[in-house]
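Residues annotated as signal peptide in TrEMBL: 1-25. Annotated region 'Disordered' per TrEMBL: 44-75, 321-343, in sequence order. For 55-72, the entry in TrEMBL reads compositional bias 'Low complexity'. Under the heading domain 'NAD(P)-binding', TrEMBL lists 91-294.
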């Protein structure tokens, strides 16, 4: 798709926008009523009332009862359209945020996108194509987005500390004053507190695999940069703590190593619990499994990992059990899934 550079939805947003514009141009405007036609209608109505009254000029017209008048007024004031409760996506400026918004919109969900960035070409096209409401929000200023959480169907926290690799991709440098602690840990703490207070049914957090495997090479390498893996796990635990003994459930999706390749689909995603699998996962597939998990009741209060493989993710989601994301020993039948990747 041109919006996200994946090719999955290449021209849909632009075609929808063009079709709407064409209909607006070609549709004739409604013809207004002239004053003479209004007068004629009024006279005809008056004559009709007189005929129905018969020859008894002394007969008094019946007055409607107060209850009937009240019911008529209530019907006149009733709203024409009742909006669905929205799903709030926080981190809409990121690629995974954009993919989540598109995936939810194509499922017929109403989406409110919270972005740290001002309007972008991507957000403008998605807004026109899907009717997504974008707002500029700051995690350090909850007042910029908290009113949208009230009444939400769910909240997805997809924020990450902004970072770049150096030229040889051996060093991660955080930018814009971001750190994993300030953005991911403090961010989810703020959002979870607001959601629990507002009785939002579910919060989803996008996390990463291997966050509990402190001796794994992946953990050791990434944790060198502002203790990023440590704070990801602390963010998970903070979300679980906030949701405990509340009306809000949590779902944490731990993605395998991100890739920019085209997604393989839900039929090619391995889902496990216990943080022992190793592998990669295209961003498109991460969005697909996250949307499916959000809209599935069996994922309440669960933490699970997702990597590319030869399994049906939807069937696996139905088998999940509530957990806190703690590490488990790899069962013998999954030994191949726990093999460390080359490079």
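Placed from the backbone N, Cα and C atoms, the Cβ positions cover glycine too.
Note on the region 'Disordered' (321-343): residues 211-213, 216-217, 233, 236-237, 240, 252, 254, 257, 270, 272-280, 300-303, 307, 309 of its chain, located 6 or more positions outside it, place their CB under 8 angstroms from a CB of the stretch.
For the region 'Disordered' (321-343), the DSSP-based tally of helix, strand and coil residues reads 7 helix, 0 strand, 16 coil.
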